[in-house]
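Summarising the annotation, TrEMBL assigns domain 'Cytochrome oxidase subunit I profile' to C:1-464. Under the heading transmembrane segment, TrEMBL lists C:12-36, C:56-73, C:85-108, C:135-156, C:163-183, C:195-220, C:232-255, C:261-288, C:300-321, C:341-361, C:382-405, C:425-449.
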């Protein structure tokens, strides 16, 4: 073992490097959060959208779908579903309502959630809002998501 | 880690091997960043040339001299402890080097103040993104380097190093030279080359 | 085993393995749902099965980490555990809370679960991996605090070694970053940004510290190599992990509405993220090559080497494969991510816990190592599970590449479901590999009960 | 232990062997081509029958095999499969990644063995 590879120095690099890069991460986070209003579509973040997000969460939509590429990969991307469905919240609502209760034989199918008309509107508005987020390079690459 | 090579060649690298892992990692990061910069520059040459003109080359040049001088002080510090075992002298050279780093930070802060008050940020455009992230990342390394040198200087002043035991000084010096080296590449790349 | 309280680990390990079996059973179910879309529908829809699969993974890994810590820390600290009763109490609380949560997922619709656990008061549910009801999350925090207190007091009042201190910082980080799971703003971008402070800073940050510490511990024990040497390696490896991994978080911020510069920062830093894993392989190989003795527990050595290699493969190579922004633009949220996720979790975290179990379980049962036949069976299970996982990864990678091409890269992109139909062959193959994995897992469990001749090795007298 | 009883000559061999194995690994990872040239230079310094010669030759063999296995086979796949076929890329990318990694892991083991002055398969110690 080389004498001049000391544990003390290795330890200092671990703590020093860790703290240093953590501080850099915090700094970048501050910058990011301050800059977000330009891209995060928060001007359209209404009560209705917030309620839609809650519905999105308590029905665990992320367990099959992806939203901006994150989630499960079992069902289509929904970050751009508003665009894909011809910028129509009615089309989104219609799709959610149309799901058969017992599924489609042999195929994947979204469950029937029995949403009320208000809830449907909230979900649709939420998806519209997500579509309005200005994502770098306009991800996903095309409307298929 | 019983690298037999190093065992037989204690003079392969000055300082602690551990710091060289760190330096290697840092250089890798800066290296990839510089290559990315060069590639993007080629793709957006006009835009880069245009905004490059807004940078303060004089301050950058002065800062280059400041850092090289500071590096020289560090070399003196290593020389002093290694050949004369003079830990007080060593610590004085280190304080001089830290002062050099301080001058660099002050000058750089003027430059940043200028840019920030003009409303420039990381998201302004690709050139400023690179300019700011590269120089600020380097800026933080200068601060880190100064902290390292300070710790070593204080230890040296208390007689923590001697002619036979000066690895800590060499390690800090190696790190400081890396910070200097990165600037010497960064300055022409971002400020001058067109 | 030198200290009585170490045996608490056994409890945790048994629970961990039990939950592991549950995880894989649900994994196989999920794999089948990929090809037979209405399998178990609507009783157990995909999202529920997936939630159970991933949550069981997290819970059993936590059990594994805790068990490992309870085994490792008393020995490193050279004293009994500070409060063995607390460890036992927390075990039952955690197990019952975990089991109730999983039952909740399975028995009632998720929305009902949200209602009865009063998610409205502090909504935290329904985000990937953080699906647990808020009350469970609070439970996790309490268990984690009690655990940290117990471990922390043991370490601080005993011998402080590098391994136990690194483990402690990792575990503290685990608890601290979990707190971000309580932050769930209406703003989707903010939600996603800070969601990664749990997920990324766990798996590519503090968990790596825990993993490296555990691996280092087992390597010291089974090779007899100088502690000094191993500790230096440990520090350097985890330093590299933090240096690359902290800003490397940026590779998750490419397409969620965060500023453009993350594409550069995330790409540059995550390009060096394989280095710590690479060094871990180098480290494990080197230490085993330089071993001072042949430990009778050959299976544990195999697991340790396997961890290093598979972590490099899964986390390092497969992570690098799709981490650069121009590549990730096409691969983000496809089966490539699933491929990477499977191998990285198996290679880094599943295997390191199995390494700890493999090493410590015989000692807790009063033997140096499992008998010869048990070890052979265990090694078979190692190869079956590992090779199966390699194939799961390869098939999912193939599926992902085809998916990217058909759905995103092609001039005439296919829709999501049309693309999925074209991937069926890969999903069938993956399911086959999954079944092999399950067989490997059963074999692993069987190895604990296999009877045979004890392994006797004279040099091993110094071990443990 | 080997080191204590070895002469200056053996130490030089050990150093060469380590460098050769390192060059071989670097050629497979972050410094392709340049490292291979370095490896050839190390090879020229070695004598047949010595451990450094063994590792230099091993490194050259690994890297030539890797180059063939990775580039020749990948090129063949692309030529035979067609550049615009998705299946070509399914095979090429998956194949390249896994085979490349296997070579790297192999080279890591070779490096570790060279550090202790051992051949790839000879008994430890």
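Backbone N, Cα and C atoms are what each Cβ position is placed from, and that goes for glycine too.
Unlike curated entries, TrEMBL annotations are predicted automatically.
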Message: Six or more residues beyond either end and a Cβ under 8 Å away: which residues meet both conditions relative to the transmembrane segment (C:12-36)?
response: 44, 46, 49-50, 52-53, 56-57, 59-61, 63-64, 66-67, 70, 91, 95, 98, 102, 350, 353, 357, 360-361, 424, 427-428, 430-431, 434-435, 437-438, 441, 444-445
- prompt: Which bits of the chain, at least 6 residues beyond where the transmembrane segment (C:341-361) starts or stops, bring a Cβ under 8 A of a Cβ in it?
  reply: 1, 6, 9-10, 13, 16-17, 20, 57, 61, 64-65, 67-68, 71-72, 203, 207-208, 211, 214-215, 217-218, 221-222, 277, 297, 299-300, 303-304, 306-307, 309-315, 318-319, 370, 378, 385-386, 389-390, 392-393, 396, 444, 448
- prompt: Where does the mean pLDDT land for the domain 'Cytochrome oxidase subunit I profile' (C:1-464)?
  reply: 95
Distal contacts, the transmembrane segment (C:232-255) - CB-CB under 8 A, six or more residues away: 162-163, 166, 193, 196-197, 199-201, 204-205, 208-209, 212-213, 216, 262-263, 265-267, 269-270, 272-273, 275-276, 279-280, 283, 287, 323, 325, 328-329, 332
